[in-house]
Amino acid sequence: MMVPTGTFLVKAITFGGPCKSELKFQVAGTVVAPADYREFRNSGYWILFKKVSKFSLVGGTFDARANGFWACRKSGQNCPPGVRSISFSSANDVIISGVKSMNSQITHMTLNGCSNVAVRNVKLVAPKNSPNTDGLDVQLSTGVTFTGSTVQTGDDCVAIGPGTHNFLISKLACGPGHGVSIGSLAKELNEDGVENVTLSSSVFTGTQNGVRIKSWARLSTGFVKNVFFQDLIMKNFQNPIIIDQNYCPSHKGCPTEHSGVKISQVTYKNIQGTSATKQAMKLVCSKSNPCTDITLQDIKLIYKKGTPATSYCFNALGTSIGNSIEVQDSLRCVGTENHPRKGRPLEKQVSFQHGTEGRAMERQRSLRGFVEKQKSFRVVIERQLSFMNGERKMKKNESPGKRGDSPLHIAARTGNLGKVMESIRGCNGAEELKELLSKQNLEGETPLYTAADNGHSLVVEEMLKHMNLETASIAARNGFDPFHVAAKQGHLETLKRLLETFPNLAMTTDLLCTTALHTAATQGHIDVVNLLLKTDSHLAKIAKNNGKTALHSAARMGHVEVVKSLIGNDASIGFRTDKKGQTALHMAVKGKHEGIVLELVRPDPKVLSVEDNKGNTPLHIATKKGRTKIVRCLVSFDGINLNALNKAGDTALDIAEKIGNAELVLVLKEAGAATAKDLGKPQNPAKHLKQTVSDIRHEVQSQLQQSRQTGARVQRIAKRLKKLHINGLNNAINSATVVAVLIATVAFAAIFTIPGQYEEDRTKGPLVLGEARIANEAPFLVFFIFDSLALFISLAVVVVQTSVVVIEQKAKKKLVFVINKLMWLACLFISIAFVSLSFIVVGKEDMWLAICATVIGGTIMLTTIGAMCYCVVMHRIEECKLKQMRKERSKSRSFSLSHMPSESDILNGELNKRMYAL
């Protein structure tokens, strides 16, 4: 999505997700809001991006034109609540780069419920007297980075709200404004906490506050934990360092409870500058929840021509690290502590009492604690940095023990210059010093490498004073030396320090003969590229093992400014080819950046006709890659050969027709391109043979694909039929169980409900008490025998059914076979029992009725069982025939790529039968 140059009026608008693919919103012009602030009503936002993912907002100026709204607010009239200029809600994997937001009504940019968001190189500007114009507001979000940006507003430069985790701010220029604030918190009882926040390498100028943590004096479940403010420069601040747990800006109707927000593990390190007020630091914590584990290290804040500043502390526990405060006497807040874990209250105006031994032990403990705090947070921060830079640093989340770091490695990695100097001074002799500086961890990194990798230029400068070129050139296991890795990361100041001491480092290469210039050009670090070209302009001509120069890589990666710089240094490198015979223009047309193509062609258009090892010109390559815009750009140049033939005998139009890109075909034809056939070129025999082989290959692949699809279809059919068969077997088993229970019930009841009843009086007749009156009759004896057989066969079936669990289909078929035969017998026996008893029931005079029942029952049962036996025999015969056919077919069939049954096997086999007897 592209907004061209110009000025465009946009009212309140929402971009709603989720996104199905990556989306880039490129703004080249200026977007302005309606001049009448009342048009927004109560919408709350101007431009809202909701539930977007893998989204990039790049460039452009957004002017909310809020002068009228500010005037309304200052006059105290009944004004609307105001709108946020650019808002992201429930968004994931977002990059915001190069954006300028001006004159926002309230907040310039808001992140609410977002994750993995990189905000870099943005400018948020509003007059310093504009009310409530925050720069960046973040809440309920995680994995946010805010780097290389400028914020000039009338309120907080950055406001960090509840639910913010893993937030990195670096290289921020803040001022005017109210500085960086965490809070205000405790607005509600149930509130999420703030954790893992780092603010580093930033400059504050003329702001009301510096770094502030604020909460209302109310009960709350919120917390602030694991926060680092380090490497900050503050100029003319009113309140450089503040913790305020009695926050109430209006001083009216303020709550009187103790704040429930728990503040712990907050580190202030290397903060320098001037304070506009004598009281430079104010730590006011809750009585019921004192601030704990507060660390102050190297705080150097001066008030009016070197006059020491003062501090005020209440209900705070923590430690002081380093002797710089003692020398400057600028802060008198934190008492020295022998047991940092427990701490003691930070008393008002308590002077430092540093003993030499205690100070050394305190430094050592505090450094350990600082490193431990950083461990968990470093994983998150480096993931965010890899999201911004497009690369992930390997093994950075491992502990120093796993990396094999020495204490000097740790100090260099964290930029602790004092510890580095202490380690160097502690060496006895040149040999021990050389061994210390040359020591490599498990990844082959020296202390100089770790310092260069993290951009600590002062640490690098100190180490270079004590080492030679050989030590400074030691490469890690990845092939990079300190100079090379600094170029890769774009640390300009570090590279300057290295070049000042050892200029020859610019010529070092890695295992693939890649120079630092090549790596910097690939990453797009234009400042580094210019520095290296100024050091040695011939570096641009050095190629890697594959023949590619820095220009090749910069052109392929789309870095226009780098290409301009390299071409401006030496235009002849535009004709340098790699081992494939391709120039930088060949590489550029594979991408999507027309500007790079223009820059490469401008010095000498002859580069358009350079062919690679396969005879392809840049036009051939662009057509093959389907780059319509690039092709349109190439054909616009005068003198380009539209009908150049490659070694395969194809023109660009031939390639476009082969890949089936109708738009490319139209563009080329409009430019006057023709096919080789139209040009009357004789067909290349080698090409004809290659085409024939290609056609055969495609035909074979098509047949194989069709065979695989047929096999898959047959497999699905077989699977469905098999499932039907299993269901049929299960139904047969369940039905047999029900029938067995019914037969057993009938047989059991029949023996006790016989006609004639039983002898009830022992004094009458020869029969004993309870004896059946027909017990001596022959039909009764037949009934009794067959009824008993039916009963016990049925009971046996019930026992088997309730005890045996069969999983395999073949075994289940055998079980059904046996059960069915037993049920046949049970049915036959119960029929005989019925018929035999009928001879007694009808009497001798109506004996013919019993005979009729016998004939009818015998005919039906014998016919049914006979038919079932016939079906079983025929099924078995068909099975044997099918097995024999398969054996014969397998003997005569040649090896096949698929071992699946054919469709005829499925259709003619057992699986296709709708009904069969077991």
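Every residue gets a Cβ built from N, Cα and C, even glycine.
Automatic prediction, not curation, is the source of TrEMBL annotations.
All chains included, 24 other C-beta atoms sit within 10 angstroms of the C-beta of His178 (active site). Summarising the annotation, TrEMBL assigns active site to His178.
Across the domain 'PGG' (728-841), the prediction's mean pLDDT works out to 78. According to TrEMBL, the domain 'PGG' annotation covers 728-841.
Residue counts for the repeat 'ANK' (443-466) by DSSP state, with H, G and I taken as helix and E and B as strand, are 15 helix, 0 strand, 9 coil. Sequence annotations record features per position, and here TrEMBL assigns repeat 'ANK' to 443-466 (among others).
Under the heading repeat 'ANK', TrEMBL lists 478-510 (among others).
Annotation source TrEMBL lists repeat 'ANK' at 515-544 (among others). Residues of the same chain lying 6 or more positions beyond the ends of the repeat 'ANK' (515-544) and with a Cβ under 8 Å from any Cβ of it are 389, 483-484, 486-488, 490, 492, 495-496, 499, 503, 505-509, 550-551, 553-554, 557, 559, 561-562, 565-566, 569-570, 573, 576, 578.
TrEMBL lists 546-578 (among others) with the feature repeat 'ANK'. Assigned with DSSP, the residues of the repeat 'ANK' (546-578) fall into helix, strand and coil as follows: 23 helix, 0 strand, 10 coil.
Within the chain, the repeat 'ANK' (614-636) has long-range Cβ neighbours (under 8 A, six or more residues past its boundaries) at 581-583, 585-586, 588-592, 594, 597-598, 607-608, 642, 644-648, 650, 652, 655-656, 659, 661, 663-664, 667-668, 671, 673. The repeat 'ANK' annotation in TrEMBL covers 614-636 (among others).
TrEMBL lists 732-758 (among others) with the feature transmembrane segment.
Under the heading transmembrane segment, TrEMBL lists 778-801 (among others). Packing against the transmembrane segment (778-801) from elsewhere in the chain are residues 733, 736-737, 740-741, 743-744, 747-748, 750-751, 754, 772, 815, 819, 822-823, 825-827, 829-830, 832-833, 836-837, 839-840: each is 6 or more residues past its ends and has a CB under 8 Å from a CB in it.
Feature annotation from TrEMBL assigns transmembrane segment to 822-842 (among others).
Per TrEMBL, the feature transmembrane segment maps to 848-873 (among others).
Taking Cβ pairs closer than 8 Å, the transmembrane segment (822-842) reaches residues 736, 739-740, 743, 746-747, 750, 754-756, 774, 777, 779-780, 782-783, 786-787, 789-790, 793-794, 796-797, 849-850, 853-854, 857-858, 861, 865, 868 in its own chain, all 6 or more past its ends.
His178 (active site) falls within neither a helix nor a strand when secondary structure is assigned with DSSP, and so counts as coil.
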